[in-house]
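Enquirer: Could you have a look at this structure, given as structure tokens, before my questions?
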Amino acid sequence: MAEKALEAVGCGLGPGAVAMAVTLEDGAEPPVLTTHLKKVENHITEAQRFSHLPKRSAVDIEFVELSYSVREGPCWRKRGYKTLLKCLSGKFCRRELIGIMGPSGAGKSTFMNILAGYRESGMKGQILVNGRPRELRTFRKMSCYIMQDDMLLPHLTVLEAMMVSANLKLSEKQEVKKELVTEILTALGLMSCSHTRTALLSGGQRKRLAIALELVNNPPVMFFDEPTSGLDSASCFQVVSLMKSLAQGGRTIICTIHQPSAKLFEMFDKLYILSQGQCIFKGVVTNLIPYLKGLGLHCPTYHNPADFIIEVASGEYGDLNPMLFRAVQNGLCAMAEKKSSPEKNEVPAPCPPCPPEVDPIESHTFATSTLTQFCILFKRTFLSILRDTVLTHLRFMSHVVIGVLIGLLYLHIGDDASKVFNNTGCLFFSMLFLMFAALMPTVLTFPLEMAVFMREHLNYWYSLKAYYLAKTMADVPFQVVCPVVYCSIVYWMTGQPAETSRFLLFSALATATALVAQSLGLLIGAASNSLQVATFVGPVTAIPVLLFSGFFVSFKTIPTYLQWSSYLSYVRYGFEGVILTIYGMERGDLTCLEERCPFREPQSILRALDVEDAKLYMDFLVLGIFFLALRLLAYLVLRYRVKSER
């Protein structure tokens, strides 16, 4: 019995719960609680005092007459401009949790994207940082943007993800980084799941991890886009409590929030409420109801003020937005805040003066060198690929299974002159399989990784070139091993020439074709806006590549006006090189058990396939050019997409 009681205490239960457990064990009726239950507060106050975080000077953001317009219609048929934000002015100070509210389509996310520096073209007005015009690249280094969708690499543990962030963002010793990571995880309640993969975390844990990853370098400004969306009430309270604590630690916390509960609503320090792209209220939370009351808008008793202002902005009480716009422009918000002060003549407290900068961020470079970034990202990408069941394990097994199947289907036909065309079909199918096995996994996975890359790159974790080199290089070992395993099975089972040089050339051509196909997959994935588009475009691009490969139609048969297309088919060079490897290089006559064998001499096979004048080294050279050109093109597409996000 005593052990059961100690177990209950160890689980965090109070003495009353222990007594109840004992009573229930004895079979008696449970006692009636004679006192009211008191709710346990779980404010995360540790977020205010991180001793190992790098020191950063606080930041105040001021914006004056901010407007934003976009072109309507597609690029080939512009129909004028649409104004999304109109004449917004205000100031967001340190130590404040600011909530940007408004109905759907009010411009909340657009407004925050402009403040964070994610939107520049089409913006008018001025943004000041600590009283000086904002220098965008410097500002981006001292701020972070935590998006609504918590895009995390699913195959890393919480601790591994945090160490990657620390290694990329900080230049301190490894011991200091580990202490910092432990401190952040403990403060944010993630230490218990530090060895859990991010794919297995709950919604609230994922949100807190997204915050922890950005908190490593202690940014003085943090932007949150709908941080409570998709979370239950307890998780919402934990996240908002964390943001409140971070603000009290000297940071400027700005977040968009759609319709918070009354409990969450009162945790904000200031509100900036939008409707139809214009401000209808700005000021402290406690002043909202008196301000609306002064305008003749009475919030019903026991009604959530957040719900009430959204209903007003949505027009449920009539079109009151023009009146609210004029009231803000005429300064009624500031006047009402002044009247609500304890002393009537007291001016609302301004933002505290800027202290001398502790650790100014003047350099436009990243915290670590490109080589260091490459090494960290290469290790992370390699580990993710190694742990990915679909991308790696299934891909490897498919090469083994299909290789055995093809080997059994075309068993020992490589030296049979009467089955030459069956053998060429086997060789072509090998190129076809290796092409799709390299193309489709990349097409399917790269668009999903793009969201993680965009978040990390735009938050100044690493450079584009470091990420791209690590991404392309980390997958090369796997992309080499799988074709070599396939070729080792198929080549010997199908009875191809038992010469080491021919086998090595065959494997090299197969690997080169697979690498080119993977490069095309990177290009398609980088250029596609969604997984659905990439999934459609990938197989479609393979059709002309296969048609002009030289297997279905010889080069001389192709119409003159389409012959140029054959030079753009990388499968053509892989297939041509394989044919030269198997039947060229002065191979002896094939065995034939029939009386008449027109393809006993390998040279006749080369003439029939129209490759007798082809050069093997040219096939390797062209495949290498395809590989480099597609990789470079994919990099340029990625660079364009990054610039278009700014």
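In case you wondered, yes, glycine gets a Cβ from its N, Cα and C as well.
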Enquirer: So, in Swiss-Prot, are Thr392 and Ser463 both on one side of the membrane?
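Expert: Same side, per Swiss-Prot.
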Enquirer: Given the cut-off of 8 Å on Cβ pairs that are 6 or more apart in sequence, determine whether the transmembrane segment (533-553) and the transmembrane segment (426-446) share at least 3 such pairs.
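Expert: Taking Cβ pairs at least 6 residues apart, the transmembrane segment (426-446) and the transmembrane segment (533-553) are in contact, with 3 or more under 8 Å.
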Enquirer: Do any residues, 6 or more residues outside the topological domain 'Cytoplasmic' (525-532), come within under 8 Å Cβ-to-Cβ of it, and if so which ones?
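Expert: Same-chain contacts beyond the ends: 442-448, 450, 634, 637-638, 641.
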Enquirer: Have a look around Ser109 (ATP binding site) and count the other CB atoms within 10 A of its CB, chains all included.
Expert: 17
Enquirer: What average pLDDT is reported by the model for the topological domain 'Cytoplasmic' (1-393)?
Expert: 79
Enquirer: Most Cβ neighbours within 10 Å: which of the recorded positions Ser104, Asn422 is it?
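Expert: Selected residue: Asn422.
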Enquirer: Just to verify a number: CA distance, Ser109 (ATP binding site) to Asn422 (N-linked glycosylation site), in angstrom, no decimals.
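Expert: Per the Cα atoms, Ser109 (ATP binding site) and Asn422 (N-linked glycosylation site) stand 60 Å apart.
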